Amino acid sequence: MVIFDSVVKKKLEFIPLENDFVRIYVCGPTVYDDAHLGHAKSAISFDLLRRTLVALGFKVKFVKNFTDIDDKILKKMEDSGKSLKEITEFYISRYLDDMNALNVLRADIEPRATECIDEIIEFVEELLDNGAAYKIQGDGIYFDTSKDSDYLSLSGKKDSDENIARVASNAQKKDEKDFALWKFDEKYYKAKFGCGRPGWHTECVVMIKKYLTDNKQKYLIDIHAGGMDLLFPHHENEAAQCRCAEHKNLAKYWMHNGFVQVNNEKMSKSLGNSFFIKDALKIVPGEALRFYLMSSHYRANFNYSVNDLFSSKKRLDKIYRLKKRLQGAKKGISDEKFKAEILDALSDDLNTSLALSIVDSMVNSANERLDKNPKDKMKKGEILANLDFVKETLGILYTDENLYFQFGVSETKKAEISDLIAQRDAAKKEKNFALADEIREKLALQNITLMDTPNGTVWEISNETDIK
């Protein structure tokens with residue numbers, strides 16, 4: 001497998017630190033609001049990385065954190081009158097619901113920064129003791145970037161770059177690039193260097209050290225991943241702290257996903273142009289949103305478009321149509337050539353666009369074969385096995401094929417439809433075909449199509465519409 005490393009800015013062969021065992025850390029959300037499509041893209045991108053590595057035979061330990069103490073969360077507390085725990089637990093729960101809808105696998109460990117305060121304090125003390133940090137009275141503990149000779153080597157930035165100014169300014173800092181490890185505040189955690197709360201960059205490096213580190217290795221972990229906006233200053237500052245505290249590099253490989261944009265501008269909460277995952281899930285199934293976000297390369301920036309989202313759904317619809325044709329079939333042996341082509345595409349820095357086109361071709365070929373011989377049990381078994389492989393590697397096709405085509409219909413409406421189908425079944429049994437046809441036509445006027453199968457009558461929405 002080859003992956004694009006953000007430091008050297010080229011594809012590198014992936015060679016794990018320890019045989020077939022891979023340690024991955026992904027920066028998770030700051031939980032003060034609902035997750036937007038940018039969060040979805042990042043989560044899906046590195047879920048695909050994990051799935052691909054597992055499909056290739058690697059064992060993966062996957063950690064994704066929650067930043068649950070931060071200036072934005074504290075502002076939310078002030079505005080809402082709610083406690084830190086009330087806010088963070090609420091948004092963590094909603095985030096996990098979104099991830100479940102997108103078929104993003106749960107991380108092996110999902111640490112919260114507030115669960116690691118003792119380790120963070122110990123880490124800051126270590127940096128103070130070795131001279132890599134200093135105290136500003138009444139403000140906090142700062143990292144001295146001059147103590148890291150490799151500072152800015154990760155992002156490739158220069159001191160003259162304008163966005164160095166993204167680091168909070170303070171006239172008492174030794175250098176404008178220096179950043180807070182600990183912010184003094186009597187309301188929070190006790191430490192011998194002063195009560196306060198941790199800085200964002202320190203939280204992540206400590207969680208990596210606590211949950212993933214193997215001190216026998218040259219690096220703490222194999223892969224550190226996150227959005228491109230985290231490369232500087234967040235990941236740069238994590239790496240600097242690690243070099244000064246651990247005297248080794250943080251990660252062997254660094255991977256970053258591109259932005260979801262609106263009108264060619266990065267989607268973000270701070271810019272006020274976010275399109276929340278929950279908004280998208282009102283108009284398409286989660287798998288369709290996942291398919292859409294996988295249709296472009298994970299490193300590419302792309303503009304969000306409702307039309308493109310629906311186009312992706314139509315591609316997914318076609319796969320589910322094939323799945324419906326296989327109802328009652330028994331899974332057989334998958335096509336090894338098909339599996340190899342998918343893995344080859346994903347092994348090339350997660351080329352999902354190519355992988356999905358290979359799936360499209362398989363679906364077309366399968367439909368042609370079934371059109372010619374709809375009773376070919378062996379072929380049906382092979383196709384079913386192929387689709388199962390697609391499910392495991394690409395994270396789609398988790399939904400029952402009948403329920404998939406009932407998306408957006410309320411439970412109340414589903415109950416009404418079921419009642420009408422029962423009435424129609426009774427009418428057919430009594431040979432009252434006129435009433436049976438009347439019920440079918442009544443449902444057709446509501447854009448509901450009935451299909452009589454050996455296992456009973458099933459229904460689906462016949463076109464894109466809002467049926468409540």
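Here, residue 1 is simply the first one shown, and the rest follow in order.
Cβ from N, Cα, C; glycine included.
According to Swiss-Prot, the feature Zn(2+) binding site maps to CYS27, CYS204, HIS234, GLU238, an assignment based on sequence analysis. Residues within less than 8 Å, Cβ to Cβ, of HIS234 (Zn(2+) binding site) and separated from it by at least 6 positions along the same chain comprise CYS27, TRP200, HIS201, CYS204, GLY226.
Residues annotated as ATP binding site in Swiss-Prot: LYS269.
What Swiss-Prot lists as motif ''HIGH' region' is 29-39. Sequence-distant neighbours of the motif ''HIGH' region' (29-39) (same chain, 6+ residues past either end, Cβ-Cβ under 8 Å): 66-68, 70, 72-73, 75-76, 87-88, 91-92, 94-95, 98, 200, 227, 259-260, 266-269, 274-278, 280, 289, 293, 304.
Feature annotation from Swiss-Prot assigns motif ''KMSKS' region' to 266-270.
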*Would you find the one among the binding-site residues CYS27, CYS204 whose Cβ has the most company, meaning other Cβ atoms within 10 Å?*
CYS204
*When the motif ''HIGH' region' (29-39) is classified with DSSP, how many of its residues are helical, how many are strand and how many are coil?*
3 helix, 2 strand, 6 coil
*Segment confidence, the motif ''KMSKS' region' (266-270), expressed as mean pLDDT*: 69
*asked:* Same chain, not part of CYS27, CYS204, HIS234, GLU238: whose C-beta falls within 8 angstroms of the C-beta centre of the Zn(2+) site? Give them in sequence order.
replied: TRP200, HIS201, GLU203, VAL205, HIS224, GLY226, LEU230, HIS235, ASN237
